[in-house]
Amino acid sequence: MIWKTLIVAFMATAVLAQEIDLSDQRREQYRNMLAAQCRKMGAEDKVKDVESSVRNFVECLRGIVDPQAIKKEIEEAKPKGELDEVFKKYCAKAPVLKTCISSLLDGVRPCVDKVAIDHYGPLLNTTNQLIDFVCYKDGERIALFIAHGGSECFKNSTEDLKKCAEEMKNSFPSVEAAKAMSLPDKCGKFDDLTTCMVTSLEKCENPTPANMAESLLKFIRKDSPCNAAVPKD
């Protein structure tokens, strides 16, 4: 049900964010899908409000980080061994990002069903903890990841990672079958995906990216219902 919230947010963002490479036709398609979802929830009059909340979210992200600027800063800091200073600066903005995400979830609420809304708490908690994970010790983890070739490792492993995702997707015969699957079985699928991704990244010359990816995925699992349903060491 969390995915319903994310899908509504994505559709609205795709309509508004010019940085997303979409044709006018595709953008209009997402606009119509958003309107249909709001209409389904009896909130067709709230479409503009939802779009406004997403517009504010996009502006919030722009205020936190400029992708081109941070890319340049990383390139300049990496040979000097000063990546920690770059991420320390951006991680200082983590509280603002958390507020932006919370506001976004509140903004799309009118067009999301009650079951999905009931998952808002866990979703917000998970996103906050992911931000805390990335920004642990002022961004030490992400700085180490970049310094040890994390970006290059992921780029070189793109095809293998895609295969992992495809295997996961193909393991579900249908949407209905996925919904009917028991929680332990779903957790097993997540564990299989984790193993596949980590194995792919372990082919890189430096083990750090694989180790950090594994730590992140374990962190996500620990904060999910899987931790109680299928405990792991």
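Our numbering is plain: 1 for the first residue shown, then up by one each step along the chain.
Glycine residues also receive a Cβ, built from the backbone N, Cα and C atoms like all the rest.
Keep in mind that what you see is a predicted model, and the values were worked out from it rather than measured.
In Swiss-Prot this protein carries:
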SIGNAL    1-17  signal peptide
CARBOHYD  Asn125  N-linked glycosylation site
CARBOHYD  Asn156  N-linked glycosylation site
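A Cα-Cα distance of 32 Å separates Asn156 (N-linked glycosylation site) from Asn125 (N-linked glycosylation site). Residue environment of Asn156 (N-linked glycosylation site) contains 16 other Cβ atoms, counted within 10 Å of its Cβ in all protein chains. Counting only same-chain residues at least 6 apart in sequence, those with a Cβ under 8 Å from the Cβ of Asn125 (N-linked glycosylation site) are Asp223.
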